[in-house]
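So that you can see what the record holds, here are the features copied from TrEMBL:
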ACT_SITE  B:ASP94  active site, proton acceptor
ACT_SITE  B:ASP268  active site, nucleophile
BINDING   B:ASP94, B:SER95, B:GLY96, B:GLY97, B:PHE98, B:ASP148, B:GLN191, B:GLY218  substrate binding site
BINDING   B:CYS306, B:CYS308, B:CYS311, B:HIS337  Zn(2+) binding site
DOMAIN    B:16-369  domain 'tRNA-guanine(15) transglycosylase-like'
REGION    B:249-255  region 'RNA binding'
REGION    B:273-277  region 'RNA binding'
Number of protein chains: 2
Amino acid sequence: MSALTYKLIKKDSKNKARRGEITTPHGVIQTPVFMPVGTAAAVKAMRPEQVEELGAEIILSNTYHLYLRPGHEIVREAGGLHKFMNWNKPILTDSGGFQVFSLGDLRKITEEGVEFRSFIDGSKHMLTPEKSIEIQNALGSDIIMAFDECAPYPAGREYVKNSLERTTRWLKRCKEAHKDTERQALFGIMQGGMYPDLRKQSAEEITQFDLPGYAIGGLSVGEPKEEMCEILDYIDEWLPENKPRYLMGVGTPDYLFEGVERGVDMFDCVLPTRIARNGTAMTSSGVVNIKNAKYERDFTPLDHECDCYTCRNYSRAYLRHMFKSNEIMSSMLLSEHNLHFLVNTMKNMRKAIEEDRFSEYKREFYEKYGY
Amino acid sequence: MSALTYKLIKKDSKNKARRGEITTPHGVIQTPVFMPVGTAAAVKAMRPEQVEELGAEIILSNTYHLYLRPGHEIVREAGGLHKFMNWNKPILTDSGGFQVFSLGDLRKITEEGVEFRSFIDGSKHMLTPEKSIEIQNALGSDIIMAFDECAPYPAGREYVKNSLERTTRWLKRCKEAHKDTERQALFGIMQGGMYPDLRKQSAEEITQFDLPGYAIGGLSVGEPKEEMCEILDYIDEWLPENKPRYLMGVGTPDYLFEGVERGVDMFDCVLPTRIARNGTAMTSSGVVNIKNAKYERDFTPLDHECDCYTCRNYSRAYLRHMFKSNEIMSSMLLSEHNLHFLVNTMKNMRKAIEEDRFSEYKREFYEKYGY
């Protein structure tokens, strides 16, 4: 019995958008889904009950950060990540690969894995496929990700081809290292940069492993949206229909729509909470920068169409005052709203797919949002 | 009809501790009471519902801060401070006096009032008794404080005598400026430094105004605890029994006990939330510095005797991890705990007074806390 099953509920007849359901040991997830990010075992500035109340059904946490601090053995001793952080719904952990590759000069890639220095104390560490799985096993997340090599953008064809083939070899090692497949579902990651034929090669290679789900890595790494969409255009063809598809690190509303329209089921991004801490909100009528002087005496809610805690109880004038006063409350209230906004937008997408009007909903949303 | 009534419920037979009840336009307050501080229209890192859930019945907000930002006229336009900040229980505002006197070289005191420069933009402002009342009227708090002159510690007799006499003259101006006594209750403030005879003079002068409550100002300003207690020893004698007594700016557990034992009814302090943001917790067995390495693998709650949200759901290891990771969650969880601790300690004091065993409870608490 696999830790994860995917059920396809309905496909939109006019595009590739699909409505599904993922079942994990910690509960069921309606897809397409947006996963709030809780990097260091906390969704920043949010109590877990609040994350749940706003409708999130799964969160993501970062292996790289938890490995370095507090250390995966401490999380294991605490009874696993769910218990440690007081979140009893599904958790997905990434592999740490993306973070260590992003370290630039501070890391060295070999066939064995990646050597890097800690951002906390400069100490030397080695992350390998086996080590990443060991850490994620200790964390006890419901979905664990294979340790892959994410090529930068732009990157030459040879570099990308080598990366994707190494990613396949590492996936083999990950699968062999991961024993308890009834407790945690391992997802493989497709690479291949912006080269459709290499993407196809990667998809063919990773799907050979018959895993419970597949991710699309190496997108949203700096390329123009059109280039990303060109790759996504193929995923419905290249990835099996009966497995969930996860587009990693994507979180602006338009990217979510473009992904869902092409058959993506899962997304994650730090964007909603990060811009919240910077005083920026996503609303049904577009982006609001709460610092703006025009909100000084604006006693209306942040988003007139929103029923989140923040919009039910506070005015733009109050939110601006909180931000200007450097109050933690500012991050708390804007994070709540932004997460609610994306989670609720996904909910609306699911409903639109059920009613076979995803394209219409997308058009309406874009018009109001100002895309 | 006054905005505030005080009912004395019970006195402890072995000391001056008293159990009472204050009724205000926004609800009833059981005394003795600890008031969490929400300086800039927010209790730092806490949603108002959480402040209410942990048992707080009244909070304090700072006139000086709200006058400078966002401005009292904006709060008035928002419908008053309660609505602006989403807190529907009683609010007490201070007069701004203590803050402007603390500015040192940045302020100039005259009989008219205090001229000072804004900490935000350096602009010049003048706070007078009339202005302080005007601001507090705009804020709409249930209890407003007279604009007083708080002498520093130490201060010579002449200086202190002049301050307290000016405080009386300013109280007269405050009372004349405050019209809507059915909506907001004005408290006078006793000064007189560490000189018992001057304290007595101040008490006699301010109680002439027959106000709904009286505060003891100018204590906990740097003097040894014994000196503070020497003054507090007299307050039950000098201040009327049928009015609440408020000891300003006091928040360490021992000061609360010493105050209550001498007949004080109300306290406020930024301490619980400020030390929380610094990683320090007050627990039934004393102060805990969560940064300490010994908590790295401590999977027990912060305080074994506590039933607050934080202690019900998180371990010391998690709290330490949150602090070390600079997560806002650290401030959120420790603020919750520390406020709950003081509010709950006051609840226990009230129960002890009802059962005529306040001194015993004080002794037990001190022993466990490590005083």
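Glycine is no exception: its Cβ is also placed from the backbone N, Cα and C atoms.
Between B:GLY96 (substrate binding site) and B:ASP268 (active site, nucleophile), the C-alpha separation comes to 15 Å.
Across the annotated binding residues for substrate (B:ASP94, B:SER95, B:GLY96, B:GLY97, B:PHE98, B:ASP148, B:GLN191, B:GLY218), the two most widely spaced Cα atoms sit 16 Å apart. B:CYS311 (Zn(2+) binding site) sits 40 Å from B:ASP148 (substrate binding site), counting Cα to Cα. For the region 'RNA binding' (B:249-255), the DSSP-based tally of helix, strand and coil residues reads 3 helix, 0 strand, 4 coil. Same-chain residues that are not part of B:CYS306, B:CYS308, B:CYS311, B:HIS337 yet have a Cβ within 8 Å of the Cβ center of the Zn(2+) site turn out to be B:PRO301, B:LEU302, B:ASP303, B:ASP307, B:TYR309, B:THR310, B:ARG312, B:GLU336, B:HIS340, B:PHE341. Applying an 8 A CB threshold to same-chain residues 6+ apart, the list for B:GLN191 (substrate binding site) reads B:ASP148, B:GLU149, B:CYS150, B:ALA151, B:VAL160, B:SER163, B:LEU164, B:THR167, B:LEU198, B:ARG199, B:SER202, B:GLY217, B:GLY218. All chains included, 31 other C-beta atoms sit within 10 angstroms of the C-beta of B:ASP94 (active site, proton acceptor).
Per DSSP, the secondary structure of the region 'RNA binding' (B:273-277) breaks down as 5 helix, 0 strand, 0 coil. With B:SER95 (substrate binding site) as the anchor, the candidate binding-site residues are B:CYS306, B:CYS308, B:HIS337, and the one with the nearest CA is B:HIS337. Summary of the substrate site environment: with the site residues B:ASP94, B:SER95, B:GLY96, B:GLY97, B:PHE98, B:ASP148, B:GLN191, B:GLY218 set aside, the chain residues having Cβ atoms within 8 Å of the Cβ mean position are B:PHE101, B:MET145, B:ALA146, B:PHE147, B:GLU149, B:CYS150, B:ILE189, B:GLY217, B:MET248. It is 29 Å from the Cα atom of the residue listed as 'active site, proton acceptor' to that of B:CYS308 (Zn(2+) binding site). The region 'RNA binding' (B:273-277) scores a mean pLDDT of 98 in the predicted structure. Between B:CYS306 (Zn(2+) binding site) and B:GLY97 (substrate binding site), the C-alpha separation comes to 36 Å. Taking a C-beta cut-off of under 8 angstroms and a sequence separation of 6 or more, B:GLY97 (substrate binding site) has the following same-chain neighbours: B:VAL114, B:LEU127, B:SER132, B:MET145, B:PHE147, B:ASP148, B:GLU149, B:CYS150, B:ILE189. When secondary structure is read from DSSP and collapsed to three states, B:PHE98 (substrate binding site) falls in the helix class.
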